[in-house]
Structure formats: structure tokens, C-alpha cells
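Here's the structure we're looking at; comments come further down.
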């Protein structure tokens, strides 16, 4: 009752007290958590940027193309193995998952930066593979901590939230590149590795208290689609701006001030979803205060049954154990450069060019190839493999088409209809839409006007 009276006075007099309630509601709401997840995902694509700094690694450490491809393999290995982050997420809250990911990201890429800039002795090959694998694996922790939490908080809009967050991951490479031009200019490519090390870690640590599991509110489901569509329009504007900007930058050269201006526009588009967050939270805030100001409204506090708010847990999958006996350990050749793949074909053509010039390659000297013949056979192999993958994916689409055409959200729609029926019967549950600041332990008595 005391809380209700305080809220009514905030509405009546406004001022600092009302702003305090509203600010707390914004930063503890579901939509602000979506905004925080968008920022985390927008810098979680460092694995897509290996090609931008791989030449610095190759030149500084004296690697050939085969060795560089081995580093790329461990980068892909770390980026695609998410078992560890999933197991950690099952037993810990999301902030623990994000913290581990931030620490791994900073450690892995910062060690690569120290090695490339010769601030530490030249690491061995297995150490570089370990560093880049740890740094790349941090992306799975960011995905698990932010993306999975958003899906649990918006179960009826899981498809929209997945597509939106994954879209920002795809744009993250271009976003970090523009921020790199803003911070460091265009002549210090080694600094890009340092930016990849500290920026994702800093953003994850800033939003640690924001990413969390919130109470599921069925009365807000009908408004979620409109909000996510507005966020989608902003992301499309960001993608279009980045596309035009990259095309122009490849054709022309710009001074530092232009890069700074471009970076400011990118930051503005990244922060623009805050306007939608404030608007939606203001609507919720206004609705709550209108209800509290109405003395004839009967407010019932009740906790929804546990079986309603419990989300279905994914089935545990076990990895089948291989029964084929082996005589040698797979770790004996793990850190050796692979044979007969793209790096081998590239180095083979590069050695041919050196022999044609009458030169000999010395140890710890990088090996470069010029011309279309360097990757001709490699691209033919990749094209054939891609076509085979497309054919297999098409078969998978045909086999799962019936499932996805069914009603996957029937359970959540039934919950929404039940909540709407309760509203029609005059019983309105006092729900906070995930906000912990508002609570009511007593029933507001009905009053009659004389």
C-alpha cells in the first residue's frame, strides 16, 4: 500500500521521484536488455575479421600460407565449438557466461597483439593456435549469454529475436572496422587486433547486470512484433549505410576527419534503438500509473503456476563414442601445417614464381604469390564443396518443411488467450514486465464516489 501511494504521488507531482521510477524501469526492463544484447552482438564477430589482420601475423612472425591456414583452422574451431559455453550456461547465470567470454576474448587477442608487435618473444606455433582458439571461442560465450537469454525472455518471438541478433553478428565485422578507422586511422592495421581485444570485453562487462532472465509477461506478447520490426528497420538502415560506406572507401581515400564522422554515424545508428526502448517503457510506465491512480481498479497479486512459465528444455544430446581402435594420437599432428589444401596449393605456386625468378626462400621469410593462378584450383574445390552443401541443405529443408509449417507457438498463444480472458472477467494481475522496482503486497480497496 505504501508503494502504491508513493507511485500515485509521483504521477501527481512528477519531478525527480517520477524520473527515478522511470529510469529504473528502463534499465531493468526487457527491451533495454534487448538493446544491450544488440550491442554485445555488434562486436561479437571478430572471427570474421581474420583476413584483415592475417597479413600482419604472416609478415611479423614469418609464416607461410600453410601455417597461416593452420591458424585459421583453430580460429574456426574455437568459433564453432559452443559445448563449453552451453554447459556453463546450464549451471550459472548469464553474467557468469558473459564474464568468462570477455576474459577469454581479451586474453586471446591481446596475446596475439603482443606477439605481432614483438612486445613478447616470438611464440611457438602451438601457442599462437591456442591464443586464437581461445579468443575465437569467446564468441560462443557471447552468443550463449546474450542470445539465449533473449530467447528465454521473448519465447513467443524467438524467431524474430534470433534473426535480429544474428544480423548484428553479421554486421559486426564492418562495424568494428569503421570504429577502427575512427580510433586509429588507416595506417596501423596491427591496432585492429588490440581493438578486437578490448572493445567486446568492455561492452560485455558494462552490460553484465542487464543480461538476465526476467519474468515472462503474456500480456505484452501482442506488442513485441511491432517493436522487433522497428528494430529491424534500424538494423537495415545500419546495414545499408555500412554497405555504401565500404564501397566508397574502396574507391576513394578519405582524411582522418571523414573517418571520425563516419564512425560517429555508425555509433548513432547503434544507439538509435534506445529511442524505441524509451518509448515502449514509457507506455508501460504510463499504463501502470494510470492503473494505480484508478481507485476502483481491483489489483490482484498472484504468481503464475510454475508449469506455465517454465520453458521447455532442450533434450540432452550425447556424443557417440568411436569404437574404431587407433594406434596413434590425433594430438601428434594437430599443430602441423595441413597438406594438400589451399595453403599447400598457394605455397606451391609461390615457390614456382620464386624458381622462375632464380630466387630461393630463406627460413622465417614470408612466402607470397601473385596472380589469379594462386587460388584458381582452390576456388574450384571450394565451389564444388559449396554446391554439395547447398544440395544437402535443400534436402534438409524438404524433410523439415512439414514441421515448420505446423503451429510451433500454440502453447504461448494459449497463455495469451488465457490472460486476455482474465482481463475480460475483471481480474487484472499486477505484472511488472520484468521490472523488479514495482511491487504490491496488498489489495487496493474499492472506493465509491458519493
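The backbone N, Cα and C atoms fix where each Cβ goes, glycine too.
Note that the coordinates shown come from a computational prediction; the quantities given were computed from them, not determined experimentally.
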TrEMBL annotation of transmembrane segment - which of the ranges 141-160, 161-180, 281-300 it falls on
161-180
Tell me which of 59-80, 257-278 corresponds to the transmembrane segment entry in TrEMBL.
257-278
Tell me which of 95-116, 117-138 corresponds to the transmembrane segment entry in TrEMBL.
95-116
Transmembrane segment according to TrEMBL, located in which of 7-28, 227-248:
227-248
The transmembrane segment (227-248) vs the transmembrane segment (257-278): three or more C-beta pairs under 8 Å (separation of 6 or more)?
yes
Need a quick answer: max count of Cβ pairs under 8 Å to the transmembrane segment (95-116), which of 31-53, 192-215, 257-278 is it?
192-215
Where else in the chain does the transmembrane segment (192-215) make close Cβ contacts, counting only residues six or more beyond its ends and a cut-off under 8 Å?
27, 30, 32-33, 36-37, 39-40, 43-44, 46, 49, 52-53, 56, 93-95, 98-99, 101-103, 105-106, 108-110, 112-113, 116, 135, 138, 142, 145-146, 149, 152-153, 176-177, 179-180, 183-184, 309, 431-434
In the same chain, residues at least 6 away from the ends of the transmembrane segment (31-53) whose Cβ sits under 8 Å of its Cβ atoms read 72, 75-76, 78-79, 98, 105, 109, 116, 135-136, 139, 142-143, 145-147, 149-150, 153-154, 161, 164-166, 168-173, 175-177, 189-190, 192-193, 196, 199-200, 203-204, 207, 210-212, 214, 227, 231, 270, 273-274, 276-277, 280-281, 434
